[in-house]
Amino acid sequence: MFSNILKKDLSRRTFLKSTAATALSAGLPSIALAAGEPIKIGFLAPLTGATAAWGAPGLSGCEIWAEKVNAAGGIKIGDNSHMIEFVSYDNEYDPAKARTGATKLIREDGVKFVMMLGGDTWPGVQPVADRTGMLFSTLLPSDLSPETTTLLAPTEVHPIYLVTGVQWLAENKPELKTAVMCAQDDALGLPSVATYLAAFEAAGIEMQDEPLLFDPATTDFAPIVTRLLSTSPDIVCLDTCYSDYVHPICEQLFQQGYKGQIISATADFYDQLIAKTSKEFMEGFIFQFPDFDDPALNGDNINFDDANGFYEEYNKRFPGQWGAVSWEYAAIMQLWKAGAEKAGSVEPDAVLAAMKDDGKGKHAFGDADWWGTEMFGIDNALVGDWPVVVIENGKAVIKGFKSIPAWYEQHGDLLIKHMSAYDQMWNQRG
Amino acid sequence: MRNFVIWVALAIALIVLPNLVSFSQQEVLVFLTINILVVASYRLLTLTGEWSLGHVVIMGVGAYASALVTKELGLWVPLGIIVGGLASALIALALSVPLFRMKGFYFLIGSFAAGEIIRLLWKRFRDPFGGAKGIKGIDPMPDFSIGIYQFDFFEPVSYFYFSAVVVALCLWILWRIEKSPVGLTFHAVHWQDKLAQASGVNLRRYRTMAFVIASGFAGIAGALLAHYIGTINPNSFDVEVMVFVLTWAIVGGTGTFYGPILGCVVLTILNEIVLRELGLEQTRPLIYGLILILSILFMPNGLESIVQKVTRRKDAK
Amino acid sequence: MFELLAQTSLNAIYAASYISLVAVGLVLIFGVMGVINFAHGELFMAGSYVVVALYADRMVPFFVAVAAGLIFVGLLGLLMERALFRPLRDNPLGGLVASIGFLMVLQALAVLGFGVRMEHIPPVTQDVIRFADKISIPVARVYVIVTAFVMLSALWYFLKRTRFGWALRASAQDPEAAALQGISVTQTAMIAMFIGAGFAGMAGALTAPLISINPHMGHSVIITAFIVIIVGGVGSLEGAVLASVVYAFVHTFVTTFFDGVLADITGLALMLIVLIVKPTGLFGSADRA
């Protein structure tokens, strides 16, 4: 009886090792794809519950992307072409369920790459990543640490890109000198607060008041807006508020008579924001997430294939649902596809090596550097240019791409100072 | 003798079980084992007639305490788990002072408020609780070998064996408590509130005792969870998780010791394995909600009542 | 400073008015049926979605949509009474679990019907009543305040001056004695559920253009309502209204002068203190505990 168990356990142990070491393939049976076999990609994000808006729309975006790639013949690995297939697991934004999901995707479904939202769920998955050597991606680079060698933050280097908006603001509207800020008190809000503080300090913009934190369950924003406006600032900064906060806050700013500048990480559904306030009120609103029908995304510097077509298709299927989540997972897939084709393999470490080869990567918004040793303890974040988007005449317009590494070179110490004050440096996090 | 055979058979079944299921089902099995302790300890409190909405937060207290003493003070993990249980029991003792001024609905909501305050404190004090992101990189149970079996606690099978032994031990203690004179008094406190008081039983003392013991075991469950997944945060212990514990207990039925455990097992398998396998991933909340409604309407006394019917029929024959 | 105090007070009055609509409904249901309606926040959510479906998507006039919200959610309440609470009348815990099940179903239906992301409602009016440079209140918020005042007054009249109201109060106080008096428990339960749910639905419908609407919005509403009815005393409608005002002022002022997270902690602490000092709430009696 016991010897059986022991044997069974041993055989599974061998299996584990073989998964981790396939690319070395030192005499172990190769798990290379057979010709025509589809490549499975794991999608491990919240699909139900209060966080579903950060997962479900991304899965839809990925499916649109996969249909396009598959129609064009799939992914070419060596001499064979393979179709892409997504396998999803709803982790309900729970670390335990994420761990279960990662196990299922890797050990049972045989996926070659797993995309996650990250955040609370990543630390639950990390042991699985360590043991299996599976390649993961996250939307939240604050998950990165020196131990996370197979985790990439290849699209959204939140919150570092926020400095570009402030930089553009300071260059183009130098008369605006004072700011206030509000943010939800959570894992996304706090590092973002620190980043904006650094960016404002670098730009010589003075904070009128401590950043005002509110609980994520807040529904009535009138008291918060009243407080923000009590110091008559030139700039109101909405930090990385989710659209559920951005909309009522803007509506209140409008109702309480604010007429100054607003800067925010996102402005999802900004057409509705205009409907709730006015075209004049929203004119000049600065944020960081473009519509993908923007002509600036047809430039040669952009690495997201046919951004305009993707946007059109997404809006056709899900009218009025476009947001940052819609394209980010698809952009990660694009990067992965390039890495796999370059490596001539779909095995995690081969793709990882090919992606990070020469320290450069093809970020959606232009060629970028693998970066982050100071901020995250590991250079697994892909950082380059990021667009500054401004609402002009009721439409989001990319006003330019600004380099994040260039800003960091000059003002990195400020960022580290503010991040440390909010306990957000990698070596301060748990 | 007959009992002995049954227990041995059960032990063998538990040893074999994880080897018969898939990898992800092994993971579910670990969480299920821990949740069985949560729901069984919850029942001890309900014996006195009080229903708490703070049980999961108290479980979180054990998780945080064990995570912190092992991580910051380098305490050996098994000792940390015991510290976790003690911490939960202590917090429960402190909370019992205000909470047991209340009864019934007021206690239900009061316990909820107390729990929410604890959760907000975890969020508010980034040092040492880690704020909204919680604590990660919690020390795993150290691996060891017992000659014939190599425990590797990354592996769900190993952790299942470990937690099953701990949980079985806890369940046995809970069962002994329930059958002891103290446990019988818990029942009396519930059913004959006034009478028990008249006969000189200090109701509040017994309620407090049940609350503290139940919380201690919940703390152990929380610590078991923390050292397996390696991360905890305030959201892991929010009211939505509590709602699941509550529904396991009530759908299973709280009249018997095994009722809540049965509820936990059946509903977890349904939600985490059956519905997912059927490809109903995104409609799970809808189906789960319907199942709750139907089961409470058509089995008002819980799943245990069906078991009782079946066994009674057998006895009659 | 005066401006800030005045503006914050206006903010608090608005918050008090919609919270009291929700809390009064919850108290009424608990008082008459003896069951904790966990799905009350989702009834609020359902009211908001009625406005999404009628006013935003089908151009129905706003106040017609609000009335439809009241009636539709009131009917949902009747459905809950008939299908869930009546068969479980002697089983309050069963009622609790059934309402949790109902909550999950409502959330899931909202996701299926409208998607996980937030919904949008065009503003009903953008007019603002401006008292001074920094003291103003949007007319859309005045609608909420006025409607809440009218509806709560109507409810008060109904309960104190009509035979139905008398029956309702009687069975809330002592169901058995009321039954002996020839009052139909079923009938009063239906009335209480319709009004209780309808008020939550109306609050959701009225505030729909002012808040973010998503399938999980009910969660924060129910937590606030629980705090309020505990502070007010579970059986007491007057207590619920008064506690809504107290809570709204405390929460709003702490948010404005300190921060929102501290405001939540203060709200919960307020409730715990009330529970410790007077375990049946400010206006509650011990009988219904």
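We number each residue from 1, going along the chain as drawn.
Using the three backbone atoms N, Cα and C, a Cβ is placed for every residue, glycine included.
Here's what TrEMBL has on this protein:
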{"type": "TRANSMEM", "residues": "C:12-39", "note": "transmembrane segment"}
{"type": "TRANSMEM", "residues": "C:59-80", "note": "transmembrane segment"}
{"type": "TRANSMEM", "residues": "C:92-115", "note": "transmembrane segment"}
{"type": "TRANSMEM", "residues": "C:135-159", "note": "transmembrane segment"}
{"type": "TRANSMEM", "residues": "C:189-211", "note": "transmembrane segment"}
{"type": "TRANSMEM", "residues": "C:223-250", "note": "transmembrane segment"}
{"type": "TRANSMEM", "residues": "C:257-277", "note": "transmembrane segment"}
Check: What same-chain residues lie close to the transmembrane segment (C:223-250): Cβ under 8 Å, and 6 or more beyond its ends?
Finding: 9, 12-13, 15-17, 19-20, 22-24, 26-28, 30-31, 40-41, 152, 155-156, 159, 172, 263, 266-268, 270-271, 274-275, 280-285, 287-289
Notebook entry, point to check: Near the transmembrane segment (C:59-80), which residues from the same chain, at least 6 beyond its ends, have a CB less than 8 A from one of its CBs?
Noted result: 29, 37, 39, 43, 46-48, 50-51, 98-99, 102, 106, 124, 147, 190, 193-202, 204-206, 209
Next item on the list: Give residue numbers and ranges for long-range contacts of the transmembrane segment (C:135-159): same chain, 6 or more residues beyond its ends, CB-CB under 8 A.
Entry: 3, 6-7, 10, 13-14, 17-18, 20-21, 24, 66, 123-129, 165, 168-169, 195, 199, 202-203, 206-207, 209-210, 237, 241
Notebook entry, point to check: When you check the transmembrane segment (C:12-39) against the transmembrane segment (C:257-277), do you get at least 3 Cβ pairs under 8 Å, counting only pairs 6 or more apart in sequence?
Noted result: no
Checklist line | Same-chain residues at least 6 beyond the ends of the transmembrane segment (C:92-115) whose Cβ lies under 8 Å from its Cβ atoms | finding: 33-39, 41-43, 45-46, 49, 52, 76, 80, 84-85, 215-216, 218
Check: What residues in the same chain, six or more past the boundaries of the transmembrane segment (C:189-211), come closer than 8 Å to it by Cβ-Cβ distance?
Finding: 18, 21-22, 24-26, 28-29, 31-33, 37, 40-41, 43-52, 55, 62, 65-66, 68-78, 80-82, 85-86, 121-124, 140-141, 143-144, 147-148, 151, 155, 164, 168, 171-172, 217
Item checked: Remote residues contacting the transmembrane segment (C:257-277) - C-beta distance under 8 A, at least 6 residues beyond either end -> 8, 224, 227, 230-231, 246-247, 250-251
